[in-house]
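Below is one structure; the comments refer to it alone.
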Amino acid sequence: IKEKYSDWTEFLVKELTGSRTAPANLLEGPLRGKNTVDLIVVGCLLEVRDAFEPTMYWAARVQRNIGGRLCLSYVGLNDPAYDMWIFYLDTRLRPLGWAKENNLSMKPPTDLCDLRSSSEWTEALDEATTEALKSPLPLEVFKDHADLPTHSFRAGMKLEMVSPVEPFHICPVSVTKVYNEYYFQITIDDLTSEATPTHVVCHAESLGIVPVQWCLKNGVGLERPQGFESQDFDWADYLKHTGAEAAPDVCFPKASLSRGFCKDMWLEAVNPLQPSELCVARITQVKGRLLWLRLEGLTKPLPDCIVDVESMNIFPVGWCEANGYPLTHLLKTVCLPQKKIAVVQPEKQLAPSQPDAPLNLCSSITTDIGLVNGKYCCSQLFINHRCFSGPYLNKGRIAELPKAVGPGKCAVVLKEILTMLINSAYKPGRVLRELQMVEDPQWNCQEETLKAKYKGKSYRSTMRIVRTADQVSDFCRRVCERLQCCQNLFGPTIVSDKCPENCFSQTKTKYTYYKKRKVGRPSLGENPQDGDMTKPARRRKKRKAIFVQKKRRTSIVGYHTAESPQDSDYYYDDEDEDFEEWGSEASSSSPREEASAPKRGRPPRRAALQRRATHPGPETSDRSSPRRTTRSVSYSQNQTAKNTNTKTESFEEEDRLVLERNPLEWSVSDVVDFITSTDCASLAKIFQEQDIDGQALLLLTLPTVQECMDLKLGPAIKLCHQIERVKVAFYSQFAN
């Protein structure tokens, strides 16, 4: 070591110049070894600068010290309602006696002075000062306070500032008064005549002030001043209108400071509307030196609040735990509205021993609370009802859903949202089936039972839902893709006015495509009677051959020998649903036929009409037959066709529609034009309002039309007849 440097004197001078030794209180005396923050004890006094007058100070007593975050009460006021929270490094805090030494006035706060008489204030101050001088606060507490630099602002200058009243937006402000080289007054711009001005005292390094055009350059919305007539705010017009000048950039030396914060980082932050509350917060965006924070776990969700990167109201993760202070964490609002828990009301009547009885959401979380941690918890998931809802989901019902669900356990939050989407569908069973196909072998999943209620019957389906927070975003995207809707319809991204996917201006064909599928009815876990699974398939084939869409709903007795509809697992048949239109209302079968042959299909509507038009006699005899199958109908048609070929062709020709374009490619306007050209023109407005394009049109059935368009049976049948014509034309011209 001795040979390392030739001149040790020069080395010592170089190394020690400008360095500081440890403070005396750390090395000797009763305060030895204490941190600076620990020197501030409950009951000690400080002087606090007035919020509206920088030359006025008043004494305040420390009620609590949480890691340097102080709860102060003004001397002379014992009401906790007037307590304030402030960090010990704030420039408003000074040691007792500071005002007197610097020839500043010692007066009670401007907004609170009327609560006590002048003599009461003075008496309380003298009493508290005498008591505090017995054990004064060490000056070492203020050794880290930064000296304020001088400012360059002049009265009349305009700038932008995070609103001091509601820190959720940025607004134009004006410099209305300059006190000295350190302090100036800022007033929020309000052009209304009856407005009460909002003032705040600032200095050169005040947080949240940025130059004019900062919002425009950073792509952030600027709040329009109250009373400003123009809807589109422009700084050039506004400065000309007010006759003011913009504060030059030299007044903002640190406008681009970011301190390394990035989007999606987590921290702990003070609730601006409840300063005593600290919440888990996620950074949603970073612009220059401003952060947008989403506070989690609040009973009433707030918009993203805006804070400066050097704000003393944000803390690193774990700060509350380290200082023994309660943190409003993610589990607080998991048990939100309990009325949403029971999706299917009739299921509540099941016996407690039933494995599929609905679990109470709150109780299940209570039992698992010890297992919950950040890995298995997600923040709020948003339902953006303005986004494109796809062919399966009803846009009107989506708009009635809550805007956000969560935060909480990933599987619980996702199950809640999926249940909402299922019950917002035109046909919940179809969505149940689509959701079953959303799966990825790389996901960490758990099985959940989803339920749907449709036409008085309840159905269940098992789906694998992700458990970890890092997979939630991908899961939401895959579900949206499966439902052929906008990828931002639900998920961690909130859409305010315009969707990043630009789904507002696109037709449904941008997101969907026609895929012809032949899907048989899967086994339902029961042993069907012989022939039950083959006859429906043969019946469908016959129907497709004669281009008939109408299908009588097969009685559940034929496929469920030992189950009730309430307990049956739900499987969805594409062809059955696509072809089904009229339901049982348009039936021509007798009750006797329905009772004697529950598994047989009713004859196609067009075939029945043809028989009535050609041979009313045989039709009468057919109606008296106790068992009538599709095969016998086809045979009857083949026999009569030889003699009535001309009449049948003229009958079909009269109602046949010839399409120039594939209806799957129709836009909303094309559908509206078609409906307008029919005798249902008065209903065209409904198609426009519900964004129904060609693909959605082909999915409409009589029950759907009645339920979602609020139509009576007569107009609904009339409309479905026109939709039927499009379907027939589609299958005859384009399906193959």
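Using N, Cα and C of the backbone, Cβ positions are placed for all residues, glycine too.
Annotation source TrEMBL lists compositional bias 'Basic residues' at 536-554 (among others).
According to TrEMBL, the feature compositional bias 'Acidic residues' maps to 570-583.
Positions annotated as compositional bias 'Basic residues' by TrEMBL: 599-614 (among others).
If you look up TrEMBL, you'll see 631-648 marked as compositional bias 'Low complexity'.
On the 0 to 100 pLDDT scale, the domain 'SAM' (663-729) averages 89 in this prediction. Among the features that TrEMBL reports, domain 'SAM' is placed at 663-729.
The region 'Disordered' annotation in TrEMBL covers 519-655.
What TrEMBL records for 6-109 (among others) is repeat 'MBT'.
Annotation source TrEMBL lists repeat 'MBT' at 119-225 (among others).
Feature annotation from TrEMBL assigns repeat 'MBT' to 233-330 (among others).
The repeat 'MBT' (233-330): residue composition by secondary structure is 16 helix, 35 strand, 47 coil, according to DSSP. For the repeat 'MBT' (6-109), DSSP puts the residue distribution at 23 helix, 30 strand, 51 coil.
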